[in-house]
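Taken from TrEMBL, the feature compositional bias 'Basic and acidic residues' applies to A:238-253. Annotated domain 'NLE' per TrEMBL: A:5-70, in sequence order. Per TrEMBL, region 'Disordered' is recorded for A:238-259. Look at TrEMBL and you will find A:201-240, A:269-315, A:334-356, A:360-395, A:404-441 tagged as repeat 'WD'.
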């Protein structure tokens, strides 16, 4: 049994310890290191409350003993680590355990969820959209569609103002896509609990499975293999629709109304040979330029689209049909769930070598939904057909950080748009909310 | 021919050699001829005879006695007269053949004796050209040249002389010699490359000195030498030297066998090589087992411990002869001569002979084959991906066995028909049941229209066939489909009331019951006389066939045309009930599966094209490769047969991996896969690659056994299976009321 000289570093200043090397046995694991750090910290600070830390060695999260960890890391590169060198171990405060916060019963399967700071919306298979407060209070059920709702999405206020849509402070805008081939833009007032259908986006030939918003540009993917780009802004459209209404004076008032609110796509992009299952904007937090669009499909490909030209830019090929995808603004990586047990991390910027940066395998069924953390670049959650929601760290492929248990059937949707809540919906009609504490607080 | 002319000669050779005229040689020759001829007669006693027989006699007699010579001489004299006469007539009468030798050369001739009549030695005769003589005889006298003829004489003699053709000039004597008939014969024989002696027998009777017959007295009878028994001392030394070297492990400098430099030019064919090899009969010979050698017990005077005590003897006598350890009792005799005749001798010999000839001593020829070599080399399943590997989704909702499933051509939904009288529409990706249709009776078969421009499903419930607008997917397509059905009503209002088939078209606005059916999506009800077991679509999506095995000869298969509301019965007389039918994916062929065979009918020509013999007793299912050249057939007797329609009407391959009856077989429309569902609760996925190259046979590799369904009762495992049209996924419908998706 060998021993290592270990030097501890941290990026979190308040937990910094003197940079002295420590001699540790290679069979030491996270527990021993934890005890050591806590002991050192308590020496310097008398009022120290013991904290749990995670340890990063060579940018990989330590799960078992140091020796095994090093073996795993170096099995990939083929190098041999000598015990002579100083081993640098970075320690971070352990991610707090998400706590089961609430479980909300719906009338039917929950197929899609989206949250913002105050509200949760979910779409169900009976065509209803439910709106809840984050504390679990049910606000309203909207009989939005005649067929299952496949995706819901909040519209940011900023993009609304850009689009020239009038709204008040209590108004929330969101969109929903459904099997009935329509995408609808809704306005909801929290105080009056009034719901308005503002626009209906028609054009897809099969069920619309995914929508994504970037400012006032909406992208939607459908089972008809096509991606359509829509504009939310009323400016040009309104005049047109008015003209149309003048010509059709004899038409039914409802029909006229429908005509008024119906929107058509700006353009359509075809390229996928099978259904488009998820779509994501590759937004850049720094620049407000036109950004690319990524779409994943059942034809085993992820395609990147240039929206300015309206053409395909590049293709990432996988081996299985993709079911879900998400893009993180923080680390600019794509993460996908597909019709197998694996979650794959892609780097859309790299052109050479293996496009899959890492594979996360712990689910026992298809991974149906996936979502990045909006605040921490290494964290994401996934929901699978094995009834589990799992929280992952990209630096640890072996095992998830936490298994979030609770659902009794296939998890269909997960959402972490509000950093404080992990929300999951499943085919057991339940929507479960897990609270995530911020360890910096 | 040796020359033996003895001529008279002048005094000294030397003077002749020095002083001789050159010009008168011819005359001189003639003179000398005359003289010589006289001399000849004087000196030479032996006459010339033309008669060969005489000549022979003379030779023979010459050898024997002097008297004979005399006689011959007299005899030949007479003969000489004759020849001289004839010659004289032809040549010059005065000089009677003066130039012609008269001596039989053979008299002197013997091969080992040089002709010494002329002593000039071995010099060219031309040297004597200028002299009158040619050399000297034994006595030293000059041999005078006979007188030579001039050209004219030569010419005349050529014409006149009958012997001219056989006249030869002797160079040594200058005389002409008339060849005898014998000589002429001799020359002729030599010319013909015969033996010179006519009497020579080249093949005389061979008298062998050493005969194969054994004579009383051998040719040599001396005994072998003593030395031949003693090893040679030299050899012994050489050997011991070699042995010593071997012991010391030294190189033996034996003479090297030279190898031929280039094998290409050194062909050695051992044409008897096969003869030297020991015959096969000898190679296969196995020596007979030897008899056991006698031991002390068998001795006539065995040591006392071998002799039986009284108890042993009693024992021996009481045991059965077959069970005895020894089949004899050791006995002691004082002397060998006291030993009596062995009574069992003849019997034992006989038994031994029986043993030898009744027990076949033959080598068993066992083929030493590694059993693994017999297995054909198949690619590993891992290399044949993608294919379904694991259970991914379970569709729960039915309350009884699911009989039939059918997938939407676009791959978003599928329908299932169950024994609980319902048909359900499911979303594939989530396992969500979208719609449920309830009927009065259990659903036996469902089928989704292969044409994606129509949203039609057909469902068979007992004797009824429902055509349903399923109402999911593209709304435009759904509307178009409804319009299609509305047209049906407008085109032909009256309802045909056929005794066999009854079309009932449901319209939107009629009685309440019907409008309810319309709302549900049911558009057409076709009532049949018999229970429908199977439904299948034509690839165009307008025709579909219903199979009713109970329908007997005429009505077992009915083909309906939706757009014209027409039904036809393609088979007028069928001997056996049809179990399944199938349309060819691209050509106007109809496959009709009977219990034991499949018939292929050409619908365009209205004739039987082919009959496939399936080698099974009870056929259950049939599926065709999307390219249309290969067919698989599943049967209740566990077999799955692959037919190559171009190859043969017998199975190209028969697979038997199910433990119970096969219920359904299916091809993947896109990937080279096919699956078979069985009552044992498994679905076996097999890689079935068909190559465009006609010379290459299909590659069939079973890749995965998919388990998951519970078996219920005697018949109830997996009842139906079907592939996803786009993904390498397989659906299975089980008797355990679930539908499972393997991806």
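Using N, Cα and C of the backbone, Cβ positions are placed for all residues, glycine too.
Keep in mind that TrEMBL annotations are predicted by a computer and have not been checked by a curator.
Note that the structure is a prediction, hence the values are computed from the model and not measured.
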### Residues of the parent chain within Cβ reach of the repeat 'WD' (A:360-395), under 8 Å, 6 or more residues beyond its termini
56, 59-61, 95, 98, 323-331, 333, 335-345, 401-417, 419, 422, 424, 426, 432, 434, 438
### Message
Averaged over the domain 'NLE' (A:5-70), what pLDDT does the predicted model reach?
### Response
82
### Query
With DSSP helix as H/G/I and strand as E/B, how many residues of the repeat 'WD' (A:404-441) fall in helix, strand and coil?
0 helix, 18 strand, 20 coil
### Composition by DSSP (helix, strand, coil) of residues within the repeat 'WD' (A:334-356)
0 helix, 11 strand, 12 coil
